[in-house]
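Engineer: Just passing along the structure, written as structure tokens.
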């Protein structure tokens with residue numbers, strides 16, 4: 001049973017946030033409570049004893065995330081976990097994947113889930129939308145070549161359907177094929193029979209999802225999380 | 001004397017009746033006492049009566065023609081009203097441009113005014129058309145059920161907080177603001193208004209404050225506003241019913257008693273909860289019952305739609321029995337039963353429900369607006385300038401303040417903030433309508449001597465909102481460039497990503513150890529899938545994931561569109577834009593160097609799609625013949641069990657079979673023995689024709705075909721071929737059509753597992769070798785395919801695309 005103290009926030013989270021001038025999610029220095037879930041995770045996954053002084057050195061490996069029980073039934077569990085260890089999601093230009101991530105990387109990934117607010121301008125929204133779409137795109141594009149091939153897309157659909165019991169692969173493939181066809185037909189309407197569509201590029205990806213208001217849908221917010229009632233025992237057991 | 005209320009709606013009928021009579025007179029001689037009957041203008045019913053009774057004529061004294069209008073009066077007049085409403089609706093859409101300027105609701109009210117005026121001119125007594133009982137029991141439920149059944153659940157739930165805020169707090173605010181200020185104004189003014197107490201004023205406020213779903217629907221459907229605003233205004237109008245009901249009963253009670261205590265206030269709050277939650281509970285209960293019933297209707301498909309209507313109407317009535325919110329009950333019932341019912345009932349029944357609901361609700365809506373006009377003419381009015389203008393002004397002011405104030409609070413919690421434009425549209429879209437009028441109508445004269453004035457004020461407010469706001473909201477929406485609804489249908493990619501996003505967000509929340517909105521939604525979904533669906537949905541369909549269901553639905557829609565749009569003649573023009581892209585995918589695998597065995601099914605995939613489309617559009621002729629409705633097809637049709645995966649594949653199979661048959665017919669394969677209908681049926685039923693179609697060697701046809709030349713006309717040169725690839729490794733019983741393009745002759749088709757049919761090439765070269773190579777089995781196949789005898793039968797059996 002670990003409880004978090006506000007001191008943790010002051011000592012660890014705030015410096016990181018300020019140093020990187022980044023306000024992931026609702027983590028804002030003045031509303032200290034909001035940041036705890038993220039923070040809290042690192043205690044959970046590392047299963048360390050209550051160490052309020054320093055959190056930064058804590059590292060998280062894939063196994064840590066895989067052991068989260070609530071995640072077990074998520075059909076796209078693997079992709080989610082991959083996303084956290086993907087260097088492309090770190091707002092840098094690196095590619096590849098981490099072996100383990102620290103708090104900073106974690107927050108970087110989580111920053112993709114910021115909601116827009118009333119003050120965000122149109123350009124910022126556009127930027128935000130692009131960023132979110134890029135995150136999704138990276139989740140699909142497993143080999144990182146900038147193209148979602150049919151193979152990769154099929155895998156996405158397959159995983160999406162994977163928790164529905166003994167679902168046949170055919171249906172998944174059929175849907176992925178139809179979806180792919182749709183992408184191709186909306187983006188490259190005229191193609192001679194000899195041409196072929198290699199896969200979804202990011203531009204095409206943006207194009208097909210332009211009706212999906214990603215900037216307003218892809219967000220997570222932490223309402224009042226009462227840190228005194230949250231305890232780690234349940235999650236870690 | 002019977003009165004013909006619907007002026008001009010059936011002018012030709014009496015004349016026709018008279019003509020009939022004259023003929024009879026000529027035939028039977030002049031013995032008949034027709035004098036009275038033929039002199040006046042009678043409706044056609046009389047003529048019919050005369051027609052039948054003439055045959056019974058035995059004695060002189062027997063009255064050949066009798067008039068008994070009283071006998072049919074009520075249904076006749078109701079039918080006339082409905083007919084009038086429908087004709088009016090029809091008429092508006094025939095007049096060009098009128099419907100684009102003036103909303104239908106306004107026009108209908110005008111028509112009502114005219115009709116009311118005519119009646120008043122004619123006989124000075126207007127039927128009490130907008131009787132509150134009639135309104136609440138018959139006119140309102142269809143509209144609300146329609147709204148509830150087609151309620152977009154997702155946006156509704158996502159914005160539930162905002163909607164409730166507007167519906168509950170907003171309506172309360174409006175009621176008290178309007179009522180209170182009106183009371184103040186009444187006291188200040190030195191006319192007879194001072195006699196009105198605070199409670200009647202509040203009662204009036206509570207009547208007039210509720211946004212009306214009927215009016216909102218009528219106007220908002222025409223302006224195509226974006227989904228968020230639509231659901232906010234519309235949801236508010238639906239959910240404020242509970243508040244209105246409670247406030248209305250509360251104040252009515254108090255006004256009669258004349259005293260309010262704190263306890264009454266507390267009871268009022270409790271009553272609100274009971275009314276709202278009780279309504280929802282009733283609705284949900286009946287919704288589940290409806291879903292459960294629909295589970296067992298697979299043998300009596302014809303009455304399926306009726307269950308949906310009956311249960312929801314029962315929910316409404318049951319809720320009304322206890323003075324609960326019937327509207328909430330209907331909404332809940334519709335929303336709860338829809339997903340399960342849709343999964344259970346046949347596609348045709350579903351279409352029936354859809355059409356019936358739309359039809360009923362649109363007729364009700366038309367009638368309501370017409371009656372509103374008639375009732376305006378009819379009612380006794382006492383026009384009080386101060387009261388009426390103040391109520392209009394206060395309505396507007398209260399609405400604006402309420403919306404702005406509430407948005408200020410709500411925006412603190414919302415992620416998608418409501419902009420100033422949104423607020424304006426929400427405030428401006430607060431239309432009042434017939435519910436307010438009916439509630440006002442319900443007031444008893446003995447308790448409320450100012451009832452007439454209230455009614456006048458209510459009508460004025462309604463007219464003001466419907467006419468002024470309803471007519472200007474469309475230009476304003478254009479002017480402000482408020483985001484419109486995207487007309488585009490949902491694409492499969494969007495569906496995939498919506499679901500992907502759901503899971504992603506749930507996953508992230510889980511990782512963060514934060515049990516938020518998504519987490520609980522996911523839990524609820526799981527529960528629904530695990531228990532509720534199993535209980536309520538016919539077994540094999542309960543497991544179908546949403547995505548697959550969506551895909552099937554979409555595929556079906558596409559097919560129907562194609563069948564409906566693409567006639568045989570239009571084929572070449574309809575296909576090209578799609579055809580070229582179909583080829584994209586087949587090329588995919590070779591380019592990405594996939595395993596060799598994958599090439600085959602993928603190759604066929606795109607081709608299959610294309611050919612299937614052509615097939616469907618070509619099949620239109622036969623299908624149209626089948627559209628003549630046969631009562632028995634509903635029951636006997638084995639393909640009516642929805643469109644599960646298997647059925648879909650079967651249908652594809654059938655379509656291809658048909659096509660092949662057509663082609664073979666075209667080829668004029670000689671000497672088709674008229675046997676083997678059973679075989680055809682058996683094959684059709686079995687869903688796979690591997691047993692019948694053996695390996696077919698195919699060599700001569702290597703010419704790459706242009707897909708666009710693939711039509712029924714003989715094309716010399718390009719000879720397209722279809723290969724029915726029967727044993728694709730991935731899905732053995734699905735049919736793959738494969739175009740043998742260039743790569744096909746490169747890697748010889750060593751598997752030899754496809755039947756290849758050739759289109760008529762006229763006198764083209766490769767045709768002949770293919771023909772001559774027919775093996776014995778092939779002949780058998782062609783025979784049964786091109787058999788003209790059973791094909792007629794088969795057409796009857798075949799389900800047309802629903």
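We number each residue from 1, going along the chain as drawn.
Cβ atoms are placed via backbone N, Cα and C, with glycine included.
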Engineer: Which range, B:36-58, B:197-219, does TrEMBL list as transmembrane segment?
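Structural biologist: The range carrying the transmembrane segment annotation in TrEMBL is B:197-219.
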Engineer: In TrEMBL, which of B:238-261, B:310-333, B:454-477 is labelled transmembrane segment?
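Structural biologist: So the range that TrEMBL calls transmembrane segment is B:454-477.
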Engineer: Any residues 6+ beyond the ends of the transmembrane segment (B:134-151) with a Cβ under 8 Å from its own?
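Structural biologist: 213-214, 217, 234, 238, 283, 308-309, 312-313, 316-317, 320, 326-327, 330-335, 337-338, 353, 357-358, 360-361, 363-365, 367-368, 371, 434-435, 438.
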Engineer: Mean pLDDT across the domain 'Sodium/hydrogen exchanger regulatory region' (B:574-679), rounded to an integer, is what?
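Structural biologist: Overall, the domain 'Sodium/hydrogen exchanger regulatory region' (B:574-679) comes to a mean pLDDT of 48.
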Engineer: Is the transmembrane segment (B:197-219) in contact with the transmembrane segment (B:355-377), using three or more Cβ pairs under 8 angstroms as the rule and ignoring pairs under 6 apart in sequence?
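Structural biologist: Contact between the transmembrane segment (B:197-219) and the transmembrane segment (B:355-377): present, because at least 3 Cβ pairs are under 8 Å.
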